[in-house]
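Here is what Swiss-Prot says about this protein:
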DISULFID  Cys3-Cys20  disulfide bond
DISULFID  Cys10-Cys22  disulfide bond
DISULFID  Cys16-Cys27  disulfide bond
Amino acid sequence: RICPRIWMECKRDSDCMAQCICVDGHCG
């Protein structure tokens, strides 16, 4: 699944946080 590219959006999404590395304001 594609996670939000904006870090704050990723941080609000626990599923995304479990799957993504969020750095420098972006999710990758």
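Using N, Cα and C of the backbone, Cβ positions are placed for all residues, glycine too.
Shown here: features listed in Swiss-Prot, placed on the structure.
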residue : record         : Cβ neighbours (10 Å)
Cys3    : disulfide bond : 19
Cys10   : disulfide bond : 22
Cys16   : disulfide bond : 17
Cys20   : disulfide bond : 20
Cys27   : disulfide bond : 22
>> Please report the distance from the Cα of Cys20 (disulfide bond) to the Cα of Cys27 (disulfide bond), rounded to the nearest angstrom.
In response: 6
>> Can you give me the Cα-Cα distance between Cys27 (disulfide bond) and Cys3 (disulfide bond) in Å, rounded to a whole number?
In response: 7
>> In whole Å, how far does the CA atom of Cys16 (disulfide bond) lie from that of Cys10 (disulfide bond)?
In response: 6
>> Can you give me the Cα-Cα distance between Cys10 (disulfide bond) and Cys3 (disulfide bond) in Å, rounded to a whole number?
In response: 7
>> Need the DSSP three-state call for Cys20 (disulfide bond) to compare against my parser.
In response: coil
>> Which secondary structure state does DSSP assign to Cys27 (disulfide bond), in the simple three-class scheme?
In response: strand
> Once the DSSP letters are reduced so that anything not helix or strand counts as coil, what is Cys10 (disulfide bond)?
Replying inline: helix
